[in-house]
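Among the features that TrEMBL reports, compositional bias 'Basic and acidic residues' is placed at B:1-11. The feature region 'Disordered' is assigned by TrEMBL to B:1-22. Here TrEMBL flags B:54-72, B:92-111, B:131-151, B:194-212, B:233-258, B:278-299, B:311-335, B:365-382, B:394-413, B:445-464, B:491-510, B:516-536 as transmembrane segment.
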Amino acid sequence: MFKNIMVPVDLAHLEVLEPALSIVADLAKQYDAHITYVSVTANTPTSVARTPQEYEQKLDAFAQSRHQVHGQPVSIKVYSSTDPVANVDKQLVDAVEETGADLVMMATHLPRHLDIIMPSHGGKVATHTDASVFLIRVP
Amino acid sequence: MDKKPPNRPPEEPESAGIPAPDGPANLIDTDYVIGQDNITTSTMGVNLDLHGKVFTISSILVLLFVILTLALQDTIAPIYDAVFSFLTGNLAWFFILAANVFVILCLGLIISPLGKIRIGGADAKPDFTYVGWFSMLFAAGMGIGLMFFGVNEPLTHFGTSFDGGSWAPLAGAEGDAAGAAALGMAATIFHWGLHPWAIYAVVALSLALFSFNKGLPLSMRSVFYPILGERVWGWPGHLIDILAVFATLFGLATSLGLGATQAAAGLTYLFGAPESDITMILLIIGITIIAICSILAGVDKGVQLLSKINIAMAAVLLFFVIAVGPTLLIATGFFENLLNYFVHLPALSNPFGREDANFSQGWTAFYWAWWISWSPYVGMFIARVSRGRTVREFLVSVLLVPSVISVLWMTTFGGTAIDQYVSQGIEAVRNAGVDLQLFMMLEQLPLSQITSFVAILLVIIFFVTSSDSGSLVIDSITAGGKVDAPKPQRVFWAIIEGAIAIALLLGGGLTALQTMAVSTGFPFTIILLVACYAIIKGLMSEPKAV
């Protein structure tokens with residue numbers, strides 16, 4: 001059913017993503033799917049990396065460590081942006097196209113009033129792509 | 001200096017030791033992790049990520065100054081004035097000398113081999129097209145000033161030169177209309193040409209260099225790394241950042257308040273809108289709401305788009321005035337004014353032994369302090385959008401191109417107004433208040449209803465482009481140099497700006513607090529001189545681009 005699962009990750013908030021990542025691993029094993037970990041990072045220094053290149057190396061290391069856990073083939077894709085907070089949704093939608101993913105799995109927060117002005121990234125991506133989207137609610 | 005352990009995510013310790021790639025840039029070796037002093041919290045569904053000390057102290061300081069100014073207006077306004085008069089009166093030479101240093105440094109870098117170095121490392125690609133990039137730096141840098149002073153300043157300097165008296169630039173040109181016009185234009189271009197843009201360029205280049213090439217946070221304090229080393233992460237750094245927030249927030253809020261007064265005067269003049277507090281408050285609220293939409297849409301789709309619209313409209317207005325105004329006069333005037341500027345430049349920029357104290361202190365030193373107090377905000381914003389440009393490309397675009405455009409703008413608007421007065425004997429423009437002079441000048445030309453409307457729209461959008469980019473800058477400084485802090489924070493700053501503008505508009509004290517904000521130009525002049533040293537030191541340690 002699913003051949004290529006795209007998983008947006010933010011290395012700055014890995015602790016929040018942990019439950020979602022194990023579900024990704026289970027599903028990938030179930031369908032024997034390839035996993036692409038995708039990040040949108042700032043091109044200015046961030047708390048994770050001081051250059052986009054450094055971020056890419058760290059995401060690669062992260063992907064390899066996940067590979068050790070679930071054994072499925074992995075790859076990564078990093079986008080750097082002047083304003084990642086504002087551009088992340090559009091970049092992720094583009095990334096679905098570029099990685100050829102047929103399923104996007106991402107962690108999201110519970111619905112809240114603020115979503116009216118600032119919708120969740122997951123919700124935004126789901127309404128702008130043809131791929132299946134699996135939003136995992138992190139309590 | 002106490003070094004706190006880096007708070008990297010525990011899941012990926014194996015990747016923490018991976019060195020940054022060789023070649024493209026030369027990162028500074030520091031253990032500081034961006035955001036390590038930040039407080040992250042989540043209240044009522046809103047996530048926050050703020051630098052504890054910088055955010056808290058600057059918020060308290062801002063609140064304190066607003067309350068003090070509102071409560072003790074009559075006592076405190078003279079104090080602000082006295083501080084500022086002391087600075088421009090006694091230290092005019094310092095401002096003028098420092099600004100000359102900035103211009104010489106920038107021009108020197110353009111021709112030196114260091115100009116080949118690329119911001120963001122040798123392989124970095126620009127994030128924005130030339131048009132988008134240029135629109136943003138121009139809209140943030142001086143768009144709004146050009147609208148108000150494009151007519152006023154050439155006409156004022158022409159007047160004082162022609163009439164003679166103590167406010168004339170240099171020796172004046174009493175009774176000589178052509179000479180007074182030439183001197184007036186040269187003096188105006190001096191204030192809007194190479195010097196202000198060099199001030200912005202120094203801040204922007206130093207920040208861009210230390211952030212993109214050296215890997216330090218995008219915050220004023222990073223520029224001090226070559227001098228203070230690891231101490232920039234402590235109190236000296238906090239103070240620099242707090243001062244930057246103070247200057248930016250009060251600079252923006254007071255000019256938003258005063259700008260609303262001026263825009264309201266324009267609306268009253270054009271459409272007979274009531275010149276009441278309600279009109280002005282509605283204007284501030286409207287500007288703030290559009291600014292919030294813009295910052296939510298982000299730099300690319302919000303700020304860049306608005307800036308492009310803004311610059312396109314300004315260009316249409318400019319070329320319209322050139323076409324229907326005294327076209328030939330403007331065309332020849334452009335080159336004459338450029339020449340006059342260079343002829344008078346040595347005398348105008350001379351810091352010592354000036355005979356025209358009123359002009360050099362009241363105008364030039366005032367302007368330099370003003371530009372410099374704006375430089376943390378404009379410089380930081382320019383820095384953020386300039387990754388991928390070479391130093392030479394950057395300086396030509398931030399220094400030379402805007403200066404040439406300023407010359408064209410001043411020639412067109414100021415030259416037309418002077419021509420209306422000298423050749424056609426129209427006195428209306430000269431007699432009008434600062435906020436109406438542009439509209440009076442346009443009234444003498446065809447289609448004035450449309451052009452005046454475009455002008456007022458331009459004023460409003462220029463305020464939006466200042467407010468949105470300013471909020472992004474303040475947010476980044478108070479988030480410890482993070483540009484990826486949660487969105488509600490930038491909205492918060494835009495609202496605070498509007499709120500301060502409204503409070504001061506109703507309670508009084510806009511001009512007083514603006515004076516205080518401009519006074520921060522003094523400490524920032526020292527900071528900028530350090531930035532000059534940091535730029536040279538930083539560039540020398542970069543690997544040469546191929």
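Cβ from N, Cα, C; glycine included.
The transmembrane segment (B:92-111) makes no contact with the transmembrane segment (B:445-464): fewer than 3 of their CB pairs lie within 8 A, with pairs spaced 6 or more apart in sequence. Among the stretches B:194-212, B:365-382, B:394-413, the one making the largest number of Cβ pairs under 8 Å with the transmembrane segment (B:311-335) is B:394-413. Only sequence-distant pairs (6 or more apart) were considered; of these, fewer than three Cβ pairs between the transmembrane segment (B:233-258) and the transmembrane segment (B:394-413) are under 8 A, so the stretches are not in contact.
Across B:194-212, B:278-299, B:365-382, B:394-413, B:516-536, the stretch most heavily in contact with the transmembrane segment (B:131-151), judged by Cβ pairs under 8 Å, is B:394-413.
Here the transmembrane segment (B:194-212) lies next to the transmembrane segment (B:516-536) in space: the count of CB pairs under 8 Å, restricted to residues six or more apart, reaches at least 3. Counting Cβ pairs closer than 8 Å to the transmembrane segment (B:445-464), the top stretch among B:278-299, B:365-382, B:394-413, B:516-536 is B:278-299. Most Cβ pairs under 8 Å with the transmembrane segment (B:491-510) belong to B:278-299, among the candidate stretches B:278-299, B:394-413, B:516-536.
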